[in-house]
Amino acid sequence: YIVTNKYVDGWDDPRLLTLAGLRRRGVTPTAINAFVRGLGITRSDGSMIHMSRLEHHIREELNKTAPRTMVVLNPLKVVITNMEPDKVIELDAKKWPNAQNDDPSASYKVQFSRVIYIEQSDFKKEDSAKYYGLAPGKSVLLRYGFPIKCTNVVLADDNETVCEIHAEYDPEKKTKPPKGVLHWVSESSSPGKELLKVEVRKFEKLFNSENPAELNDDWLTDINPDSKVVVSDAYALSSIKDAVVGDTFQFERMGYFAVDKDSSPGKLVFNQTVTLKDSYKKGGK
């Protein structure tokens, strides 16, 4: 019913627990088999298996098989004012955190330049004790890069919206290591080209309640209107520009994502497979 009436985008919609939907979402056969083996054969017909259990096995598998990269969903421009406009510093980033340092396949190059982008949510105009993001006069560490300190905030005409941050970087890394570590993308990630823009689709549970079948005829009212959120112009590192349908990555600090079949030569589309946080407790349902 929800397929024929367009509540979802077909039988392979990543929000559905069909094999086609799971495959499109980036779930591997290994993860599904591990999930099934963990269920055993003694469960009663009325028992419910929580989604977190499947997600646990997905994370365990992708943590071993999905290379790391950085993608900024909602970009905020940061200008490094003490860096020359044409200067580019090449940094080493890790694809595989547990790999040996002398393994060349374990890392990739990231370019750091005068203009970078961070998540809008990683900046606040007013700092607080438990906030580890960037704020006026505060330092954070860029993942694989340098400490930066916010020196100025450029506001839009409404005098509220932050449209640009000015910061200084510490090339000698003499700054006391900040607690906050941010992912970022440099404007020069694609030399001579525009930033690599990608579409990212984030998913929540299709239904608001744990068991919509209990609602009987009212189950359609339980569909979550925010179960699919599309970010059309996220910024990504150019190192993933040649990814193909089915490739999976860990977007650092965000979760695991897979290249979708809707991708085109001009734009990659990613489906969220699962978040980084694991709520499953062994021994639970």
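Every residue gets a Cβ built from N, Cα and C, even glycine.
Across the domain 'Glutamyl/glutaminyl-tRNA synthetase class Ib catalytic' (2-63), DSSP helix (H, G, I), strand (E, B) and coil residues number 31 helix, 0 strand, 31 coil. The domain 'Glutamyl/glutaminyl-tRNA synthetase class Ib catalytic' annotation in TrEMBL covers 2-63.
TrEMBL lists 66-170 with the feature domain 'Glutamyl/glutaminyl-tRNA synthetase class Ib anti-codon binding'. Residue counts of the domain 'Glutamyl/glutaminyl-tRNA synthetase class Ib anti-codon binding' (66-170) by helix, strand and coil are 6 helix, 52 strand, 47 coil (DSSP-based).
The domain 'tRNA synthetases class I (E and Q) anti-codon binding' annotation in TrEMBL covers 181-260.
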